[in-house]
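Asks: Please read through the structure below; I'll follow up with questions.
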Amino acid sequence: MTDYKNKLINLLKENNVIKFGKFTLSSGRESDYYVDMKKAITEPEILDCVAHLITNEIEHDNIDKIAGPALGAVPIATATSLISKKPMLMIRKAKKTYGTSKQIEGELLENDDVVIVEDVTTTGGSLLKAINVIEDNGGNIVKAFVIVDREEGAQETFKENNIEFTPLLTISEFKKYL
């Protein structure tokens, strides 16, 4: 059996996804490392590895849909949907102002059990917004997965909101392999 976690760590290292130095994050905060997940989610081998890790965690659960917030999590949700054979949902940051005016692409039915995926979390705030969109539209979040948790509050955010949160890798775990 493939050890997907070690494979993921090696692929992230090989692709220089986690960079160390001085960086300014989108929030304006300074950080001594940067997680370049856009690079990771455009690599088929990384997506395949991530999709297998998530599918292995949910294969015995009664899951109806795999969801991913736009933009970064859509490739993750797509890959996981392909491996798990579960339909996917794409969650927009805001409702469209044209056409069908949807915020969720894909068919979310009342009481669908949904797994949501994300590329990287810091505090978990943006993923929580996507979770609220699903719940406001009748879906039930069963689990939340993230490729890399920066360990800056996401675990606590999800615990406070009674959401099972599983990082495939934490920044502390990654640093051990350097």
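Including glycine, each Cβ sits where the backbone N, Cα and C put it.
Below are the features I grabbed from Swiss-Prot:
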- R92, K93, K96, E118, D119, V120, T121, T122, T123, G124, G125, S126: 5-phospho-alpha-D-ribose 1-diphosphate binding site (BINDING)
- T122, R150: orotate binding site (BINDING)
Asks: Counting only residues 6+ apart in the same chain, whose Cβ is under 8 Å from the Cβ of R150 (orotate binding site)?
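Replies: Non-local contacts for R150 (orotate binding site): V35, V120, T121, T122, I171.
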Asks: Near R92 (5-phospho-alpha-D-ribose 1-diphosphate binding site), which residues of its own chain have a C-beta under 8 A away, given they sit six or more steps off in sequence?
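Replies: Within the chain, R92 (5-phospho-alpha-D-ribose 1-diphosphate binding site) has Cβ neighbours under 8 Å at A70, K102, Q103, I104, E105.
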Asks: On a simple 10 Å Cβ count over all chains shown, which one of the binding-site residues T121, T122, T123 is most densely packed?
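Replies: Buried the deepest by this measure is T121.
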Asks: Which chain-mates of G125 (5-phospho-alpha-D-ribose 1-diphosphate binding site) that are at least 6 residues away have a CB under 8 A from its CB, listed by sequence?
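Replies: Set apart from G125 (5-phospho-alpha-D-ribose 1-diphosphate binding site) by at least 6 residues yet with Cβ under 8 Å, we have T157.
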Asks: Over all shown protein chains, what is the count of other CB atoms within 10 A of the CB belonging to D119 (5-phospho-alpha-D-ribose 1-diphosphate binding site)?
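Replies: Its Cβ shell of radius 10 Å holds 23 other Cβ atoms.
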